[in-house]
Amino acid sequence: MGCACLECTRTHTHTHTHTPLQNGPGPKGHNGWSSEVPRSPEPAGEEEVQGKMAGNHPYFNLPDFTQPSPPSTPPSLPLHQRFRPSDATKGLLVALLGGGLPAGFVGPFSRMAYQASHLPSLELLIWRCLFHLPIALLLKLRGDPLLGPPEVRSRACLHALLNVLSIGCAYSAVQMVPAGNAATVRKGSSTICSALLALCLESQGLSGYDWCGLLGSTLGLIIIVGPGLGTLQEGTTGLYIALGYVLAFLGGLALSLGLLVYRSLHFPSCLPTVAFLFGLVGLLGSVPGLFWLQTPVLPTDPLSWSCVGAVGILALVSFVCVSYAVTKAHPALVCAVLHSEVVVALMLQYYVLYETVAPSDIMGAGVVLGSIAIITAQNLSCEKEGQVEE
């Protein structure tokens, strides 16, 4: 019995003092067994083991908030979201699509209304101004004064008066000279005057490509109107035609002055206010002039009413788009892009009114389109979203 207890004691001591080494053979003469007492793992080893366990466990895969996070890289966005057109590009596109193209339909539709019911020019201007008056409802809903803030009211009324004079001169010139030539002279003078006024009064320079486009568009207009100027007759008839061209030039000058005045207006409801004032001032000036200078005519056929409605809507759209575009781009560039009105008018003159178009008109229209392409391409730039927000 004593032997058995001694043997159990030796066995118990042997199992606690001899630990197998898992990582390799032990010292020589011990056959892989070590007689040393196992030591507790060091703190670094415990953290390493716990880290491995936590990494393997799905509920411990959390970010370490004690360590600085690496700089985040923004996700790559599509090209149309990372870049957007610049203000000048948006202004020129609005002037081209919303200003020049609709305005090109106004002249032929006005001529169709005159041919159908002999509608006087001042009466057509009155109908056009009537489409501007409902904008007063928008101003009332927004709680804005109809005539604008008191400090800018005089300039807003001056802008409306200049636009009414410009359109009045254009309508009067159409009665003296061909409609295409009158529109060409008016657009060309507005472009040149806008460039000179902006350069002298606002100190706004233009690049070489812009000047090339301006000169090209002016050259195209000269090609269109040149043959008509060369056939002026002597005497009273020639003086009458020359007066028509002078009125067309004054109409372009008034248009450029109106755009320059509009750029100086800065208040929240600027665009609807000047649109309403145009209709109000136009009515106050056209109604007395109609009964004094011309004979009112009430259209009776559907074609005349359709033309009057189309002129009013298209002219309103063109007015709003041009007023917006001139706040984004240079006034001279906006006027140069508006030369597209002449090209559209010539196309409608040939395909709708069945009137002849001279080869010089086609050549001048091509030069104008090329100049517009140069101006638009030179200003067709994009800005990064981050730069715009900063």
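Glycine residues also receive a Cβ, built from the backbone N, Cα and C atoms like all the rest.
Residues or ranges marked as compositional bias 'Pro residues' by TrEMBL: 68-77.
For the domain 'EamA' (92-225), residue counts in helix, strand and coil come to 110 helix, 0 strand, 24 coil, using DSSP. Here TrEMBL flags 92-225 (among others) as domain 'EamA'.
Annotated domain 'EamA' per TrEMBL: 243-376 (among others), in sequence order. When pLDDT is averaged over the domain 'EamA' (243-376), the result is 88.
Among the features that TrEMBL reports, region 'Disordered' is placed at 12-77.
Residues or ranges marked as transmembrane segment in TrEMBL: 91-109 (among others).
The transmembrane segment annotation in TrEMBL covers 121-139 (among others).
Beyond the ends of the transmembrane segment (160-177), by six or more residues, the same chain brings 107, 110, 121-122, 124-125, 128, 183, 185-186, 228, 240-241, 243-245, 247-248, 250-252, 254-255, 257-258, 261, 274, 277-278, 280-282, 285-286, 319 to within a C-beta distance below 8 angstroms of the stretch. Residues or ranges marked as transmembrane segment in TrEMBL: 160-177 (among others).
Residues or ranges marked as transmembrane segment in TrEMBL: 213-232 (among others).
Residues annotated as transmembrane segment in TrEMBL: 238-262 (among others).
Distant neighbours of the transmembrane segment (274-291): 120, 122-123, 125-126, 128-133, 135-136, 139, 146-148, 156-157, 159-161, 163-164, 167-168, 262, 265, 316, 319-320, 323; these residues of the same chain sit at least 6 beyond its ends, with a Cβ under 8 Å from one of its Cβ atoms. The annotation transmembrane segment is assigned in TrEMBL to 274-291 (among others).
Summarising the annotation, TrEMBL assigns transmembrane segment to 303-326 (among others).
Annotated transmembrane segment per TrEMBL: 333-352 (among others), in sequence order. Panel annotation: around the transmembrane segment (333-352), residues 88, 91-92, 95-96, 99-101, 103-105, 107-108, 179-180, 183-184, 187-188, 190-191, 194, 206, 210, 213-214, 217, 220-221, 224, 255-256, 259, 322, 325-326, 361-362, 365, 368-369, 371-372, 375-376, 379 of the same chain, lying at least six beyond its termini, place a Cβ under 8 Å from a Cβ of the stretch.
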Tally of helix, strand and coil residues over the domain 'EamA' (243-376) according to DSSP? 106 helix, 0 strand, 28 coil
